[in-house]
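*Asks:* Let me begin by handing over the structure; questions about it come next.
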Amino acid sequence: MLNMKLKERLALAISASLILFTLMLVVDLQMDYGISGHRVPLHGRVRIGDVEDKGRSAYIEFRKRFLQKSNSSNGSREYEQSAQAETSGLATDVEPRTPAPPADKFDDLQQILFAQLQGSAFDNAVVIPPHRDLNVLRPENPTIGEMEDLELSVNASNLEKFQLKIAQHELYEDGEILVEAILKDMATLPVLHAEQKEGGTQLKLIIDYPNGVQALFKPMRFARDVQTLPNHFYFSDYERHNAEIAAFHLDRILGFRRAMPVVGRVLNMTTEIYDVTEGDILKTFFVSPANNFCFHGKCSYYCDTGHAICGNPDMLEGSFAAFLPSSDVAERKVWRHPWRRSYHKRRKAQWELQSDYCDTVRTTPPYDSGRRLLDLMDMSIFDFLTGNMDRHHYETFKMFGNETFTLHLDQGRAFGKAFHDELSILAPLLQCCVVRHTTLATLLKFVNGVPLSGTLRESMKIDPVSPILWEPHLQALDRRVVIVLDAIRKCVEKANNPLQNEINDFV
C-alpha cells in the first residue's frame, strides 16, 4: 500500500513537471512571435551598441549622420518583402512596372549643378565642377596603340581594334560601334577551344574563338530569382553570370565606360566545351541522376560534385566577357582598395572602426591629387547600385600612370539581394563627401526623367539570353538612386553647416 502511494506521488510529480515545462515553452514562443505572429530569428536581433562605441564605428556614424530618413522622403532604406522571398529567392515573378516618380526632385542638388554650369558655385566642397575634373578636361587622352606605336595586324579582329583604341581616360568612346560588334562576335562565333582559368574562387573558362579572339566564360548556376543565401558571407557568395551582363550595361548607361563588353550565350556542353577541352577538367564531367550533363572543374569554392554546373540536358547558359589586352601589350597594376572589407567572419576593416578614415586616404598617393579619389567615389556608387560587396582590389593600366581610370572588373557577386540595400558599400562616398558633377547630373537624370530601371531594361533587351535581371533587382536600382542622392544631399548640408554638425555629434 505504501509502495502504491509512492508511485502515485512520483507520477504526479512527473506530470506536474511536464505541465510546467509546456507552459514555459508556450510563453517563450509567444515572446518570440510577439503580437505579429511571425517568429523573429535570433540573428535578426541587432545590437545597436553602447556608449563606449560612440564615435568608433564609421558605419554607425555615417548611418547616424547621413542616412536618417526624413519624414518628407519616400525613399526606402531597405525594402522589406516576405521572408520567403528574401531568403529563398523563390518568390513569384514580378511584372515589369514603371515606378511612380519620386516626390523629391532634389531641386537643391539641381541648383548646384546649374550654378556650376553658369560659372559659380565652384567652391562647393562636395560637388566637383567639370573644370576641376581630369575625367572631363582630359588634356591628353592617348590610346594604347598610340602609346606603344602599334599597328593593326592583317585581318585584325574587332576585339584587337577595340583593345588598341583603349584610351587613358576610358575603355571606349560614347557610341563606339566596335562594342556591338564584339558582343555579336562573342555570341555567334564558333568556339575553338575551352580551358579552365587558373586562380579565382569559382569556376571560369577561357574561351578561344577564331582570329585570336578570347572571352571569359562564367556559367549559369541558378535561375534569375535565386538570391544570395542568407547565411553566406559576401566572400563565399556564388557568382552570377547575369550580374556580369547587367553590370556592363549599367556601367555604360552611367557614362563610366570602364567595364569590358559582356554578353550572354547558350552553349552545347558536349560540342562546345567537352569536345574542345583537355586535361584534368575532363575527369570532372559526369551525367547526373536527372540525365543532365554536368562538370565542376577545380577551384577554391564550389568545385565538387555537390556544386556541379549542369546543363539542360547539355545546353548551358553563361556570360562571355571580352578579354583586356595581354600584359605584353598593356600591363596592368593591381591596387588594394582602401575600403576593402576584412574578408573575415568576425574582424572589421579599418574604415569600419575609424570615423576620420577618409582623411588618411586623402593624404596618401595617388588619392591626394588627380582623378583617382573621384574614380573610387564612382565605383562606390556603381557597387551600391548593383549590391556588390566584393571589391577588394582594382586595376589600372600601367602605361598611363596614376592619371587614368579604374577598371570595373569582376561583378559576379552583384545583384544578389533585391530587397536589401547594403549601405556600407557607400562608405567611401559618405566618409569623403565628394562626387563628380557629371556623376551627380547622371543620377538626377534618372530621378527627373526615364528611371534607371527602364533605361537598363531597354539596354539589356538586345542580349541573346534576355531577360537578364529579375524584376525586383531593376526596381531596387530606382530605390538606390534616391538613396545615393539623399546621401549627397546630407554631405552638402554637412559642408554648409559644419558648426551644426559638430553640435549634432554630441546630441
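Quick reminder: no glycine exception, Cβ is built from N, Cα and C everywhere.
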*Asks:* Among GLN202, GLN227, which residue shares the ATP site with LYS218, GLU239, ALA321, ALA322, PHE323, LEU324, GLU395, ASP410 according to TrEMBL?
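*Replies:* Record check against TrEMBL: ATP site with LYS218, GLU239, ALA321, ALA322, PHE323, LEU324, GLU395, ASP410, extra candidate from GLN202, GLN227 is GLN202.
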*Asks:* Check the DSSP secondary structure of ASP410 (ATP binding site), expressed as helix, strand or coil.
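*Replies:* In the DSSP reduction, ASP410 (ATP binding site) maps to coil.
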*Asks:* May I ask which residues of the same chain, at least 6 positions away in sequence, place their Cβ under 8 angstroms from the Cβ of ASP410 (ATP binding site)?
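*Replies:* Listed in sequence order: ASP390.
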*Asks:* Within the chain of ALA322 (ATP binding site), which residues six or more apart in sequence place their C-beta under 8 angstroms from its C-beta?
*Replies:* LEU159, PHE162, ILE182, MET186, ALA215, MET260, PRO261, VAL262
*Asks:* Do any residues at least six apart in sequence from GLN202 (ATP binding site), in the same chain, have a Cβ closer than 8 Å to its Cβ, and if so which, in order?
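*Replies:* Counting only residues 6 or more apart in sequence, the Cβ neighbours of GLN202 (ATP binding site) under 8 Å are TYR238, GLU239, CYS299, SER300, TYR301, TYR302, CYS303, GLY412.
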*Asks:* Among the recorded positions listed here, GLU239, ASP390, which has the most company in the form of other Cβ atoms within 10 Å of its Cβ?
*Replies:* GLU239
*Asks:* Within the domain 'FAM20 C-terminal' (285-496), what mean pLDDT does the predicted structure show?
*Replies:* 95
*Asks:* For ATP, with binders GLN202, LYS218, GLU239, ALA321, ALA322, PHE323, LEU324, GLU395, ASP410, what's the maximum Cα separation in whole Å?
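*Replies:* Across GLN202, LYS218, GLU239, ALA321, ALA322, PHE323, LEU324, GLU395, ASP410, the two farthest Cα atoms sit 20 Å apart.
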*Asks:* Under 8 Å Cβ-Cβ from LEU324 (ATP binding site), six or more apart in the same chain: what's there?
*Replies:* GLN163, MET260, ALA330, ARG332, LEU407
